[in-house]
């Protein structure tokens with residue numbers, strides 16, 4: 001009997017796979033198919049004339065890796081608003097509004113971490129300290145604790161590195177902001193742009209424990225440390241409470257090719273091939289036309305999606321968005337002299 005049951009399961013799975021048409025990840029056909037499904041989001045072109053290898057490299061997070069211990073949350077008596085946007089809650093913290101660009105490198109795991117860490121330093125010092133924490137420092141110096149640099153990494157390892165080794169400051173490519181700005185240039189998503197083409201190639205830059213010329217203090221003096229790092233349970237309310245009390249978090253989820261085409265609305269996977277795991281920064285939540293969503297910042301520049309941001313279905317662990325949330329608290333004692 002068992003073989004009948006197994007055969008039936010295989011046939012159902014095969015039937016489901018065949019019921020979803022196959023499209024090239026960036027095709028007009030995929031855009032049109034999504035927009036005809038009467039779903040909760042709209043598709044359009046964000047990338048033109050780029051290699052599929054580049055698109056897959058953008059998704060550089062290893063899902064299901066080791067996690068730090070969960071922090072115990074007491075949310076029973078906490079009244080959470082129907083909608084929340086960290087940009088509005090902490091308007092004096094400019095990094096919350098920022099969208100970065102990881103370039104041709106699978107460094108999303110590092111960007112999601114340093115973006116949320118930057119936000120939390122500002123929030124937990126009551127905006128007395130505002131710093132862009134360096135994705136370059138984390139990407140290049142974390143080593144095997146975090147994974148494999150531009151070839152992918154673990155968000156949990158990134159937060160652990162912050163607490164153990166610290167991270168220096170560093171802004172966007174060619175910004176000359178901070179100790180170690182990002183060294184990988186943005187690449188051109190569009191046909192007639194001025195930036196270099198997007199490819200799936202490129203090595204991880206070398207770890208350098210020296211700040212760029214003209215910057216002071218020294219590399220060692222510029223380090224910012226975390227007090228602790230932890231996982232957040234996949235409970236919708238626990239994640240909301242964590243953001244509400246402590247600021248944006250890093251999350252990760254499975255990316256399918258239809259997500260690459262996101263323009264507006266609340267993303268729900270419709271069709272398309274699996275591209276890989278992707279880490280992002282979750283900064284709020286809300287409800288749009290009756291559909292609950294997470295408000296999320298991506299790291300694919302502002303010409304992707306909704307000015308670099310997107311919304312994704314909340315409360316159903318859609319594409320695993322609620323299963324890989326990590327966060328941490330800054331060590332505020334290091335800033336007492338500045339405060």
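Using the three backbone atoms N, Cα and C, a Cβ is placed for every residue, glycine included.
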Practice prompt. Can you dig through Swiss-Prot and tell me which residue of 192, 289 is labelled N-linked glycosylation site?
Written response: 192
Worksheet item: Using a Cβ-Cβ cut-off under 8 angstroms and a sequence gap of six or more, which residues of the chain neighbour residue 187 (disulfide bond)?
Response: 50, 54, 103, 104, 195, 196, 197, 198, 199
Discussion item. Let me check the 10 A CB neighbour count of residue 142 (disulfide bond). How many other CB atoms are there?
Written reply: 25
Item to complete: Return one of helix, strand or coil for residue 278 (active site), based on DSSP.
Response: strand
Worksheet entry | Other CB atoms within 10 A, centred on residue 105 (disulfide bond) | 28
Item to complete: Give the distance between the Cα atoms of residue 122 (disulfide bond) and residue 142 (disulfide bond), rounded to the nearest whole Å.
Response: 23
Worksheet item: CA-CA, which of the recorded positions 93, 141, 146, 278, 298 lies nearest residue 179 (disulfide bond)?
Response: 141
